[in-house]
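Working notes, beginning with the structure itself.
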């Protein structure tokens, strides 16, 4: 049982005075009346029955009815939080890589940032500085090509908001990559 389901069970049990597994109108009204924060217990009881009573049984509320409504709300809230986090990540991605602020991330914009990243530096001491620089350029270009091949669906060497969004949605573990 999840934490949310345990909380639902606890609240339900506090309403279910006769312990029959259902909430009668009287049980709900009694509980609403005993809460000093509720100014109109009759309206609150009616509202609760209107909101949670999903079957033809208008006399009682089952824990299953309440659980279904609350869990569907929780799922919706989780989806909203996930979408907000995803939008924030897309915004951060564009802020980092869309260096000319034209609304798309080009291959060249990403490549130029990769070239500044020390993670792409070649550390082979036997290579000359020029050879190390060429190796770094090859590695940065290869990484950009690989990323663009996965994300750039229309193959125009530009990443749109939608392309970035769809990729990050499928790959939530994605790290924004090299530091600036």
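Cβ from N, Cα, C; glycine included.
Annotation comment: Swiss-Prot describes 16, 18, 20, 22, 27 as Ca(2+) 1 binding site, evidence class sequence analysis. Swiss-Prot lists 98, 100, 102, 109 with the feature Ca(2+) 2 binding site, giving sequence analysis as the kind of evidence. The annotation Ca(2+) 3 binding site is assigned in Swiss-Prot to 152, 154, 156, 158, 163 on the grounds of sequence analysis. Look at Swiss-Prot and you will find 3-38 tagged as domain 'EF-hand 1'. Annotation source Swiss-Prot lists domain 'EF-hand 2' at 40-76. Residues or ranges marked as domain 'EF-hand 3' in Swiss-Prot (evidence: sequence analysis): 85-120. If you look up Swiss-Prot, you'll see 139-174 marked as domain 'EF-hand 4'.
Recorded features from Swiss-Prot, shown on the structure.
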residue : record                : DSSP (3 states)
16      : Ca(2+) 1 binding site : coil
22      : Ca(2+) 1 binding site : strand
27      : Ca(2+) 1 binding site : helix
100     : Ca(2+) 2 binding site : coil
109     : Ca(2+) 2 binding site : helix
152     : Ca(2+) 3 binding site : coil
Other same-chain positions with a Cβ less than 8 Å from the domain 'EF-hand 4' (139-174) and lying at least 6 residues past its termini are 86-87, 89-90, 93-94, 97, 103-108, 110-111, 114-115, 117, 120, 122
Given a Cβ distance threshold of under 8 angstroms, which distant residues of the chain, six or more beyond its ends, lie next to the domain 'EF-hand 2' (40-76)?
4-5, 8-9, 12, 21-25, 28-29, 32-33
Which whole-number value in Å describes the distance between the Cα atoms of residue 154 (Ca(2+) 3 binding site) and residue 20 (Ca(2+) 1 binding site)?
60
Within 10 angstroms of the C-beta of residue 102 (Ca(2+) 2 binding site), the count of other C-beta atoms across all shown chains comes to 10
Using the recorded Ca(2+) 1 site (16, 18, 20, 22, 27) as reference, state which further residues of the same chain have their Cβ within 8 Å of the centre of those residues' Cβ atoms, listed in sequence order.
15, 17, 19, 21, 23, 24, 60
Sequence-remote contacts (6 or more beyond its ends) of the domain 'EF-hand 1' (3-38), Cβ cut-off under 8 Å?
44-45, 48-49, 59-63, 66-67, 70-71, 74
Least Cβ-packed of the binding-site residues 22, 156 (other Cβ atoms within 10 Å) is 156
Row residue 163 (Ca(2+) 3 binding site), column other C-beta within 10 angstroms, all chains, value 20
Residues near residue 20 (Ca(2+) 1 binding site) in space but at least six apart in sequence (CB under 8 A)
none
How far is it from residue 102 (Ca(2+) 2 binding site) to residue 163 (Ca(2+) 3 binding site), counting Cα to Cα, in Å?
15
Count up the helix, strand and coil residues in the domain 'EF-hand 4' (139-174) according to DSSP, in that order.
23 helix, 2 strand, 11 coil
Give the sequence-ordered list of residues that share a chain with residue 27 (Ca(2+) 1 binding site), lie 6 or more positions from it, and have CB atoms under 8 Å from its CB.
15, 16, 17, 18
